[in-house]
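Below is one structure, written out as structure tokens, with a few remarks after it.
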Amino acid sequence: MSGELNGNDTSAQAAVSAGSVLEGAAFADEGEQHNESMKTLVLGALGVVYGDIGTSPIYAFREALHAAATNGILARSDILGVVSLIFWALTLVVTVKYVLFVLRADNNGEGGILSLMALVRAALKGRPDLILGVGICGAALFFGDAVITPAISVLSAMEGLEIVAPNLTPFVVPATVVILVTLFSVQKLGTGRVAIVFGPIMALWFVALGASGLWHIFDDPTVMAALNPYYAVRFLTVSPAVAFVTVGAVFLAMTGAEALYADLGHFGRKPIVRAWLWIVFPCLLLNYFGQAAFILSHGEAAALPFFQMIPSFALWPMVLLATAATVIASQAVITGAYSVARQAVQLNILPRLEIQHTSEKLHGQIYIPRVNLLLGLAVVILVLGFEKSSNLAAAYGIAVTGNMLVTTVLLYIVMTRIWNWRVSRALPIILGFLVIDMLFFSANIIKVHEGGWASIGIATVLVLIMWTWVRGTRHLFQKTRKAEVPLDLIVEQMAKRPPTIVPGTAVFLTGDPKSAPTALMHSLKHYKVLHENNVILTVVTASKPWVASADRARLSQYNERFMLVTLTFGYMQQPNILRALGLCRRLGWKFDIMTTSFFLSRRSLKASVHSGMPLWQDKLFILLARTASDATEYFQIPTGRVVEIGTQVNI
């Protein structure tokens, strides 16, 4: 699942450098991998993991300079201070925090905010709601990021047309909308066939970034003095008010850093780290320092420095390559949104969603129509509403900084509860990360009126939806449980007054195997019959991403008529009840689909003043329940073998 293979690797046998030292620290506990497999995984990581942070140079340095300018004037110390801040931010946040620490906090090979939440909740007794709330906030912020990334990325690339052909400026927004609508429209076809070129295109993009930056560093080689943290510290202290605003813009250079952890399960830690240390990080630095040197020698170039430093003969190819890179970055975010949505459904944070598999060979290739539609609409609305990437920049940082802040808080619990670090060892590290995270978060939160409201608004709506679903399902479970009859009592009553026995097997789905399922009660009440064999089936989602087939099913014979079956799936796995029940043959149950009927209860919910939730939340929960995907489709049960029994419940 982690995408890692065992073997030997000679690619790291180079002279001792900062990269090799960091890599050695990151992989101190891992064996070597096959060289060819490693190259393939590194190339794949370039196409999926680094699209977002890799396209940041298009707009990040420009926005930071605009924030740093005093009355529209930039001093040499301002330019050196900004590029120094970018260098040290990338070093401390991405290279130190994520590479050396966060990537180690995997949940059975999987990463991402919900995986981290599940890992922490499993480690803490009682599975506290506080951690669940933190995870929900992190997931909501991720979706906010997923809305803004395609909008700002593609829009910033298309703004290159303003340099190539100024007369095409009015077409920047329409062209961006066309590209994004096309991108979201083709999602249902799957990306398996075209994804193979994502890696090579992004590799070419990073080469172009590095080459263009290196070329212009020679315009003013003294720009390399900004590697000294003195320039960053001086910039922060000379004019704190200006520096504080600038820090918020500097953070744009790190948007996408959370993808290193989110995509951990797709490639494994080693390919992600090697791609960063040996390709992405050096090329990003070369480009940022190249932009700084170009502006130092061409003071008027601060409007769109990324494209202005490209030679005229290479402008069109660069605009096209930038557009391709931003589309790939957007695709990676969209795919990530599908993955997080599926995890949220499995962890019961969101209602069931229709999930379509777009590839027979690649299990991870999924398409969620409802997520795609809502995400696409939100992205297009943002582009039409903000019109310029500089306007969207204010909205971008809040979601990502918030997500990083949540990650740091959960990382502390992992360090102390799972890695068993002493508080005296973990706390100084976490406090250092928190200081940096809080600085970036506070510098971005002040931009609420400039566009940050969009990010906060999206996250707030999603938090309300997810918390309402969690709270509503708990209230519903407690209410129905009070009305249910213990299975022991029903079996005892049937022993005294046996119902009519009919041939075949009946499978009753329930969330509580100790209580008689509602469908069973209604079947006995209205039809007065009991099947020859009855299975009380419970589907459980584990706190880990994957559960092996050998551990999928547990059987226990209750009596001659009843059997209890529990199916366990990881939160990254799509439940397939039919296939899972087939595994029960090895455990002694001769499962035959042709003689089996599945009984499901479909609840009709009505709001109640005694639900324990506000009326508006009752109505929202009922709406979410009505829009939930059908259980038959979600659990992949043959429709011809399903009997649904309706019940009305007041919540």
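Every residue, even glycine, has its Cβ placed from backbone N, Cα and C.
Counting same-chain residues at least six beyond the ends of the transmembrane segment (41-61), those with a Cβ under 8 angstroms from any Cβ of the stretch are 3, 33, 82-83, 86, 94, 149, 152-153, 156-157, 160, 195, 198-203, 205-206, 209, 249-250, 252-257, 259-260, 263, 266-268, 270-272, 274-276, 279-280, 284, 287-288, 291-292, 305-307, 322, 325-326, 328-333, 335, 389-390, 393. Per Swiss-Prot, the feature transmembrane segment maps to 41-61 (among others); the stated evidence is sequence analysis.
Among the features that Swiss-Prot reports, transmembrane segment is placed at 82-102 (among others).
Sequence-remote contacts of a segment are chain residues at least 6 beyond its ends whose Cβ falls under 8 Å from one of its Cβ atoms, and for the transmembrane segment (130-150) they are 52, 112-114, 116-118, 120-121, 124, 180, 183, 255-256, 258, 262, 326, 329-330, 333-334, 336-337, 340, 344, 349, 375, 378-379, 382, 392, 395-396, 398-400, 402-403, 406-407, 409-410, 413, 454-456, 458-460, 462-463, 466-467, 470. Taken from Swiss-Prot, the feature transmembrane segment covers 130-150 (among others).
Under 8 Å from some Cβ of the transmembrane segment (163-183) lie the Cβ atoms of residues 150-151, 154-155, 304, 307-308, 315-316, 319, 323, 327, 330-331, 334, 376, 379-380, 383-384, 387, all in the same chain and six or more residues away from its ends. Annotation comment: Swiss-Prot describes 163-183 (among others) as transmembrane segment.
Marked as transmembrane segment by Swiss-Prot: 194-214 (among others).
Summarising the annotation, Swiss-Prot assigns transmembrane segment to 235-255 (among others) and lists sequence analysis as the type of evidence. Panel annotation: around the transmembrane segment (235-255), residues 52-53, 56-57, 59-61, 63-64, 66-68, 70, 77-78, 80-82, 84-86, 89-90, 93-94, 145, 149, 284, 288, 393-394, 396-397, 400-401, 439-440, 442-444, 446-447 of the same chain, lying at least six beyond its termini, place a Cβ under 8 Å from a Cβ of the stretch.
Same-chain residues lying 6 or more positions outside the transmembrane segment (276-296) and placing a CB less than 8 Å from one of its CB atoms are 19, 22-23, 42, 46, 50, 53-54, 56-57, 60-61, 65, 74, 76, 79-80, 82-83, 86-87, 90, 94-95, 99, 203, 206-207, 209-224, 226, 253, 260, 302, 305-306, 308-309. Per Swiss-Prot, transmembrane segment is recorded for 276-296 (among others).
Marked as transmembrane segment by Swiss-Prot on the basis of sequence analysis: 309-329 (among others).
The transmembrane segment annotation in Swiss-Prot covers 366-386 (among others) and rests on sequence analysis. Panel annotation: around the transmembrane segment (366-386), residues 143, 146-148, 150-151, 154-155, 173, 176-177, 180-181, 184, 187-188, 190, 334, 337-339, 341-342, 353-358, 392, 395, 451, 454, 458, 574, 627 of the same chain, lying at least six beyond its termini, place a Cβ under 8 Å from a Cβ of the stretch.
According to Swiss-Prot, the transmembrane segment annotation covers 395-415 (among others), on the basis of sequence analysis. Counting residues 6+ beyond its ends, the transmembrane segment (395-415) has Cβ neighbours under 8 Å at 93, 97, 101-102, 105, 113, 116-117, 119-120, 123-124, 131, 134-135, 137-138, 141-142, 144-145, 148-149, 152, 248-249, 251-252, 254-258, 261, 382, 386, 421, 425-427, 429-430, 433-434, 437-438, 440-441, 443-445, 447-448, 451-456, 458-459 in the same chain.
According to Swiss-Prot, the transmembrane segment annotation covers 426-446 (among others), on the basis of sequence analysis.
Panel annotation: around the transmembrane segment (450-470), residues 132-133, 136-137, 139-141, 143-145, 147-148, 344, 348-351, 378, 382, 385-386, 391-399, 402, 444, 613, 617, 620-621, 624 of the same chain, lying at least six beyond its termini, place a Cβ under 8 Å from a Cβ of the stretch. As annotated by Swiss-Prot, transmembrane segment applies to 450-470 (among others), with the evidence given as sequence analysis.
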TODO: Compare 82-102, 194-214, 426-446 by their Cβ pairs under 8 Å to the transmembrane segment (309-329) and return the stretch that comes out on top.
DONE: 194-214
Open item on the list: With Cβ-Cβ distances below 8 Å as the criterion, list the same-chain residues six or more beyond the ends of the transmembrane segment (426-446) that contact it, or say none.
Closed with: 89, 92-93, 97, 101, 244-245, 247-248, 251, 394, 397-398, 401-402, 404-405, 408-409, 411-412, 415-416, 452
